[in-house]
């Protein structure tokens with residue numbers, strides 16, 4: 001019963017939390033650059049505006065695929081916060097990303113195609129860590145079910161420090177932040193125009209943005225899972241991790257795709273893999 | 001409702017400007033003026049843009065480019081011509097390769113004269129354009145409701 005309530009709470013509250021997180025992100029980013037920055041609700045205003053605009057598109061396929069991207073992102077969150085199987089949630093998340101890539105490929109714009117290719121590379125870079133995370137939680141708590149992990153009384157991070165650090169590194173990919181914003185051109189708009197999102201406009205782009213709000217909450221939920229025994233420590237960890245992501249975002253420029261892929265895999269193998277091996281030896 | 005004027009995204013195109021007005025537009029994004037306070041973002045993508053800001057007199061080679069960019073922007077949209085060259089062609093008006101101001105090819109909503117146009121003037125122009133943008137959105141939704 002409790003898990004159903006958290007799932008419903010996720011459905012309603014995730015966009016609100018996502019808007020607040022991205023709004024604060026934009027203000028702090030502006031302060032880091034010596035500016036004042038937009039109001040906290042600016043991400044909401046942007047999305048509301050996108051739904052007021054005309055949707056330009058030669059055909060319907062991208063809009064349908066983007067809707068599926070959003071739908072599976074919501075499904076991921078429902079599985080995750082509803083206490084379902086962690087592996088199932090990860091597969092739903094991947095499926096959601098695949099729909100975004102398919103949508104970009106279906107637009108036939110060269111910029112969108114380059115973005116989609118880079119998005120796939122990012123997916124390949126990120127996926128091993130996320131699966132290792134699930135394996136790590138299984139090693140610690142003896143279950144893949146998110147409800148069992150949430151009822152775990154200890155701090156999984158004590159046994160999973162390597163995996164935690166690799167998840168923090170991977171978050172920069174997932175939150176589409178520099179230096180790993182290869183596929184969307186988060187800051188440097190002119191190089192790739194806007195990567196995967198180049199051809200989406202109006203409500204289609206609005207759906208991408210909403211899906212991203214859900215994604216942020218899911219990823220921050222994953223960070224929280226490492227500190228599940230102590231809620232205060234968990235919230236503190238989320239704030240610190242997100243601040244580190246913003247700091248990295250503002251102090252680095254973009255890397256090429258090969259160093260990004262290599263970096264992600266080296267971290268995965270050494271920290272993540274080493275952590276799992278150490279756990280199995282204990 | 002009126003979300004459009006709270007989140008105007010700008011597409012800036014340099015139609016053979018001398019770079020004088022361009023750096024003034026970029027100055028609007030810097031800490032001194034910080035137009036992101038008003039939700040204004042400089043995008044590079046016509047599909048995401050609401051306001052097309054053009055600097056410089058239009059030359060014969062980028063005539064079709066500007067038309068193409070304008071056509072790719074989703075409705076409602078406005079055009080702002082920044083600098084005296086964008087308004088009339090300026091000192092380049094009589095050159096053989098210059099078509100004249102942006103008004104020659106696009107319906108311009110706001111003119112921002114000056115050589116170079118000052119950031120304060122540019123921000124004023126954009127704010128004026130927001131009113132027109134809001135008017136166009138109202139017309140659009142009325143047309144949709146009527147159709």
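Glycine is no exception: its Cβ is also placed from the backbone N, Cα and C atoms.
Per TrEMBL, the stretch carrying the note transmembrane segment among A:187-215, A:216-244 is A:216-244.
Counted over residue pairs separated by six or more positions, the transmembrane segment (A:152-173) shares at least 3 Cβ pairs under 8 angstroms with the transmembrane segment (A:264-281), which defines the two as touching.
Here the transmembrane segment (A:58-80) does not lie next to the transmembrane segment (A:264-281) in space: the count of CB pairs under 8 Å, restricted to residues six or more apart, is fewer than 3. For the transmembrane segment (A:6-24), the most Cβ-contacting stretch among A:120-140, A:216-244, A:264-281 is A:216-244 (pairs under 8 Å).
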